[in-house]
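Colleague: When I checked TrEMBL for this same protein, it listed these features:
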TRANSMEM  44-67  transmembrane segment
TRANSMEM  87-108  transmembrane segment
TRANSMEM  120-139  transmembrane segment
TRANSMEM  151-172  transmembrane segment
TRANSMEM  193-211  transmembrane segment
TRANSMEM  217-240  transmembrane segment
TRANSMEM  283-303  transmembrane segment
TRANSMEM  315-336  transmembrane segment
């Protein structure tokens, strides 16, 4: 909002050096002493309990069940304990030791829904192996009931159920971006029925292992088994079909291998095409393992119920036969495959990066909470009323797009979106349109309705107005870069509105100084000639009679010594943003980074960035394109507060005088800019998937090569791959 020209900082600005040191450096984190939440303590306790239990089972196996001397005997009686029983127990306990570290890591480092799903999957595998190991130990200690079958079956089915639930979540992430239904509701209903069937089937097998019921439970179990297999097969067919829609969408993008090498996101799209085959393979393996267990344990009537004994009698009791008929070997191999595949898809390298962002967000929330607690309104009632009035002048995205559509047709007929700046639009459109009412433009656009903003937009008036609108749209659509949206605003505004409508974002509200400040009470009648930045023609000055109020014009605020005009609308930014931040925890800041990075060279813009940062507001940086970021990296690294510029030299001096340690402030700016340099592979799977789907959406919607190739989402700003998903 640099274009307003005259403003003063509130007394709360740049309080102390300590508030500028809120960052994620290891030394800083050690000095801040972030409090551990009760939820985090529970996670650490669960991880410790899981690890200790795994070691306890290992000790029990060594102490209670001595390993036999002869492991691979050619024959033995099925009614006796065999070396193969020892092998089953050992593999179960070893699987617990393998799973425990990864499950513990995910328990204490899961901060997104996809990572929590991964945590639950690993925990379920661990629990399944623990139950199986416990059943083996009981068996070796003389417990008469054989619990192997219900334990193995419960583990396989529960883990498979969670994996299918994770795939549905994957489709939900895709739906939020691609706006393809994927019949998620239908899949969730099928999953619930599968869950109920699994519960009944496990109970039946448990009762059959515990009580002598003859053929009754075997036949009932067989009926349930066939129902489960048929229903599960139908669910998998439906799931694979819906994933096929995602695969077909990626195939329609026609990404060449050469183009895919240019972008990690495009390479991820090329890998989406193989995901359907991976899921199909999982379904086949799952049903093979489940059918194998049910068939050999007699739960597939009319097949023989004593099929295991028949195999023993025909082929003997060798190790190869054991592997063929054993119910635990197949499940263990399946678990290992799931663990390796899931950790690979999740991206191990994304776990520390996600945790670091979580710590940063936690720090921001704590800072925000502190600011909300210490916030107090101004003692001067007139000043506070003006602050609150100014803060509630937001415009909706729908109104902003409607205004943009009228440029060049209904007003400012010489408008050229590729050249005209925000300053041009203010002088030649906003001021003339609001001259008759001598009010802010937001009142006209919103038809006298005052609303609170969900975000404040920080930008420079020297950049293109089209970029400003595109950056706001990019925030609503959760896009990282806005150059393609800027081009789309001119070529297909209807498509932009359709995307926003599907994202339910048209009614989001934003505070943009050009619209929300009454220009007629401040800058509409300058003492110098105004010139169009593109045509170089002189722009007529406003002829309104509205009284002008600058920083020190009376009436002034009575509760401070320095003169601060109450009616001036250009000296209340700090108080306005403080009030909005204190009364709305979700209020955030959108930084519109122009192609020349001029935002970071304007003193007032940097002051706004620092103010919002110290108040704990979430800051979202929207940059022109990845190419701009790549070409301007060195310029960003050279940014210093001492080199900032402003319309008035005294403004720069005022800002510099309020910063106690300029070196530390410059370092803090670099930490903020560091968010621009995140890598695609360090995002958690859900973020990577959404970024990939956004690129698919662009590829499907646009055929114009100029629009397609200007910007590729190579980096992540908010955060916010070996495999694609």
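Every residue gets a Cβ built from N, Cα and C, even glycine.
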Colleague: Do at least three CB pairs under 8 A connect the transmembrane segment (315-336) and the transmembrane segment (87-108), leaving out pairs fewer than 6 apart in sequence?
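Modeller: Yes, since the transmembrane segment (87-108) and the transmembrane segment (315-336) share at least 3 Cβ pairs closer than 8 Å, they count as touching.
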Colleague: Looking at the transmembrane segment (151-172) and the transmembrane segment (44-67), are there 3+ C-beta pairs under 8 A, with each pair at least 6 apart in sequence?
Modeller: no
Colleague: Counting Cβ pairs closer than 8 Å, which of 44-67, 217-240, 315-336 has the most of them with the transmembrane segment (283-303)?
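Modeller: Highest pair count goes to 217-240.
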Colleague: Let me spell it out: take the transmembrane segment (44-67), skip the flanking residues so only those 6+ beyond its ends count, and list any with a Cβ under 8 Å from a Cβ in it.
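Modeller: Non-local partners: 36, 86, 89-90, 93, 96-97, 99-101, 103-105, 107-108, 123, 126, 130, 133-134, 136-137, 140-141.
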Colleague: Spell out yes or no: are there three or more C-beta pairs under 8 angstroms between the transmembrane segment (193-211) and the transmembrane segment (120-139), with each pair 6 or more apart in sequence?
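Modeller: No, the transmembrane segment (193-211) and the transmembrane segment (120-139) are not in contact.
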